[in-house]
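Notes follow the structure.
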Amino acid sequence: MKQIIVAIDGWSSCGKSTLAKQMAKVLGYIYVDSGAMYRAITLYFLRNHIDWTEKKEVKEALKDIELDFRTNDQNGTIEIYLNDENVEYLIRDLIVAEKVSEVAAVKAVREFAVAQQQKLGKKKGIVMDGRDIGTVVFPKAELKLFMTADNAVRVERRFKELVEKNPNITIEEVAENIQMRDYIDSNREVSPLRQAKDAIVIDNTNLTQEEQLKKALKLVKNISG
Ligand code: CDP
Ligand code: CDP
């Protein structure tokens with residue numbers, strides 16, 4: 001089977017990373033959660049009080065950031081490390097989610113992340129999810145998926161995840177965050193969230209994880225044989 005690049009983009013909380021992870025597992029591909037990179041950079045900026053509206057400050061700060069993905073030996077999941085610290089759990093916090101879209105709109109931040117993402121895809125055999133993977137990171141990806149789901153369903157799914165960690169969180173807070181991020185992500189100047197012309201749309205409002213996986217794997221099979 002020919003190794004390909006699978007680019008998955010779409011709105012927040014619509015099942016991109018769930019699908020990407022499962023596809024990579026079945027295909028024996030690398031999985032890269034590009035959103036985790038923007039979240040880890042945001043965590044670094046918040047911790048170190050970096051003003052991301054200041055170009056010079058951002059440029060200097062990025063020199064001190066090293067990101068890498070490692071496999072958890074116990075459960076086989078891929079986790080992101082920020083300067084050798086496992087931050088996979090911390091970056092999912094709403095505190096990070098509230099600022100990540102502002103940080104991800106900064107040109108220097110995007111250049112930093114995109115360069116690493118492109119390097120990871122050099123040998124193909126990769127599934128990457130994000131907002132600009134099919135449009136900017138891998139414009140020549142063999143398979144581009146654009147995921148979507150009804151707003152209320154997305155909010156409910158993300159709320160379920162977050163309330164397990166923090167019982168004080170409200171569904172309104174989650175809804176507000178998703179709406180704000182979708183707005184900033186699709187209206188920013190640099191690499192806004194767009195459906196690539198050659199992307200295939202998957203609306204998973206009424207699809208189970210198994211059904212969306214089956215659909216996507218069929219598309220891969222059509223391409224890579
Ligand atoms: O999983 P969720 O939809 O909550 O978001 P994520 O994939 O973890 O991404 C977090 C944020 O990072 C997004 O809301 C975007 O602001 C930014 N992002 C981006 O700008 N470009 C990407 N390729 C991936 C994420
Ligand atoms: O990566 P993205 O933000 O697009 O979404 P995700 O983190 O993959 O999925 C958000 C939540 O929706 C997770 O808890 C998934 O288990 C759930 N999900 C679902 O219930 N049904 C699907 N068909 C896809 C995802």
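Glycine too: its Cβ is placed from the backbone N, Cα and C atoms.
What TrEMBL records for this protein:
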BINDING   Gly10, Trp11, Ser12, Ser13, Cys14, Gly15, Lys16, Ser17, Thr18  ATP binding site
DOMAIN    6-221  domain 'Cytidylate kinase'
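Around Ser12 (ATP binding site), the same-chain residues at least 6 positions away in sequence with a Cβ under 8 Å from its Cβ are Arg154, Arg158, Ile178, Arg181, Asp182, Asp185. For Lys16 (ATP binding site), the count of additional Cβ atoms within 10 Å of its Cβ stands at 28 [all protein chains shown]. Summarised as a single figure, the pLDDT of the domain 'Cytidylate kinase' (6-221) averages 97.
Residues Gly10, Trp11, Ser12, Ser13, Cys14, Gly15, Lys16, Ser17, Thr18 make up the record's ATP site, and a Cβ search at 8 Å around their centroid adds Asp129, Met147, Ala149, Arg154 from the same chain. Summary: among the binding-site residues (Gly10, Cys14, Thr18), the fewest other C-beta atoms within 10 A of the C-beta are counted at Thr18. With respect to ligand 1, the binding-site residues Gly10, Ser12, Cys14, Thr18 contribute Ser12 as residues with a C-beta closer than 6 angstroms to one of its atoms, given in sequence order.
Reduced to three states, the DSSP call for Lys16 (ATP binding site) is helix.
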